[in-house]
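Since the structure comes first, as structure tokens, the remarks are kept for the end.
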Amino acid sequence: MPTLADAIERLVAGNREYAQRAAEADPNAFVELSKGQAPEVLWIGCADSRVPETTVCHCKPGDLFVHRNIANCVHADDLNAASVVEYAVAHLKVKKVVVCGHTKCGGANAALGDADLGQTLNTWLHPVRELRRKHKAELDRLPDDDARAVRVAELNVQQSIDVLKQHPAVKKAATDRGLTVHGMIYDLGAGHLRLLEESGRKKGNGLWSPT
Amino acid sequence: MSGNTEEPKDLRKYLQQSHDRIFDNNRKWAEEQKAKHPEFFTKLSAGQSPEYLWIGCSDSRMPAEAITGLEPGEMFIHRNIANLVCNTDLNVMSVVNYAVRHLKVKHIVVCGHYGCGGVKAAMTPQDLGLLNPWLRNIRDVYRLHEAELDKITEEDKRYDRLVELNVVEQARNIIKTAAVQQSYAKNQFPIVHGWVFGFHDGLLKDLEIDFEGQLKSIQKIYNLTMV
């Protein structure tokens with residue numbers, strides 16, 4: 001059985017290899033990164049280990065400013081996410097905000113019922129569970145829990161977007177310079193991102209209405 | 001992008017392109033993975049059992065999986081401004097709880113980076129509105145280590161040291177949680193580490209936090225092992 005120390009040595013070795021490869025591919029890579037960041041996109045995603053945003057979007061360091069938490073929630077009273085949004089939108093002036101949920105999400109799945117996950121997680125997931133209660137009739141019609149969890153993930157992305165659109169920095173940037181907010185679902189079983197068209201259309205930011 | 005001469009049509013085209021790029025990249029990546037490992041996505045669908053929890057900065061230049069060479073499925077990740085772990089923050093506390101109590105991660109890494117904009121902002125005497133309460137936590141780290149930091153005359157070096165001390169204090173904040181103390185008493189894991197990433201060379205620096213020593217030291221006041 002590998003020891004606890006091996007697991008850490010692996011990360012350090014992985015980092016050495018990353019640094020070497022990046023420098024070989026572009027001798028200026030780290031010089032450029034040292035100068036500063038100007039990401040175009042703020043990515044709000046799930047903490048789930050299977051959805052590493054830079055890898056699944058085939059992006060490079062410097063492309064995506066990132067906040068990840070349990071079930072990619074943006075709660076109106078959460079200062080952690082609100083601070084990330086403020087910094088990314090008002091200071092770094094990102095052009096887009098993406099909220100990305102995913103299939104097989106443990107948080108969305110847990111929100112299908114009311115099992116006790118401990119007080120901290122119960123409180124965090126409460127708004128997602130409320131969504132499930134609110135949309136019970138629609139969810140009951142779906143064939144199985146996998147499908148219901150995906151629908152809850154979609155509803156949760158839309159709810160997060162509704163909260164984001166009330167964030168003062170987002171409101172201002174949307175009016176002043178055309179910032180847009182987009183919902184996505186990442187399909188773990190296929191590796192594909194799917195754009196939630198209605199989240200963009202409903203509030204009329206208009207760029208990507210369904211074809 | 002050019003300034004005033006820009007036609008709105010061109011801007012829309014540009015926005016569309018920067019948006020489409022993510023989807024094009026994603027399709028390319030999914031095809032490559034499937035070609036390399038046909039079972040890759042089927043296995044990921046079955047569940048996750050990451051060994052690591054990473055608490056890092058939102059900064060776009062330090063994607064955790066890329067700089068550690070890990071594959072999807074290996075690391076549970078929370079990223080916020082200046083990699084802070086505040087005990088009243090339900091967001092980060094939910095992540096720690098889920099990772100420790102449910103996923104049973106073996107290691108927790110708090111990783112900061114030199115040149116952190118959040119730490120810089122906290123060293124600046126300026127009202128930053130909504131960001132004030134969040135950055136206030138970094139000012140408190142400064143106050144805890146005021147004597148040491150004030151002795152550093154070169155401002156860049158003082159900034160670098162505050163980045164390091166901030167990581168150490170956030171690692172201590174994780175050790176103070178009931179989830180970590182109780183799991184360690186029962187399982188001898190997780191171990192909490194503090195690292196700093198440097199953009200100038202792409203390398204991680206281990207601050208060599210003495211986990212057991214820190215645990216003992218905080219438990220004089222913060223012991224939460226009794227259920």
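Note: Cβ is positioned from N, Cα and C throughout, glycine not excepted.
Now, the feature entries from TrEMBL:
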BINDING   A:Cys46, A:Asp48, A:His102, A:Cys105  Zn(2+) binding site
After the CB under 8 A filter against chain B, the remaining binding-site residues out of A:Cys46, A:Asp48, A:His102, A:Cys105 are A:Asp48
Cβ density check for A:Asp48 (Zn(2+) binding site), other Cβ within 10 Å (all protein chains) comes to 28
Excluding A:Cys46, A:Asp48, A:His102, A:Cys105 themselves, the Zn(2+) site's Cβ centre has within 8 Å the residues A:Gly45, A:Ala47, A:Arg50, A:Val51, A:Ala71, A:Asn72, A:Gly101, A:Thr103, A:Lys104, A:Gly106, A:Gly107, A:Ala108, A:Ala153, A:Tyr186, A:Leu188
Same chain, |i - j| six or more, Cβ under 8 Å of A:His102 (Zn(2+) binding site); the result in sequence order is A:Gly45, A:Cys46, A:Asp48, A:Arg50, A:Val51, A:Ala153, A:Ile185, A:Tyr186, A:Asp187, A:Leu188
Note: in the chain of A:Cys105 (Zn(2+) binding site), residues six or more apart in sequence with C-beta under 8 angstroms of its C-beta are A:Cys46, A:Asp48, A:Ala71, A:Ala149, A:Ala153
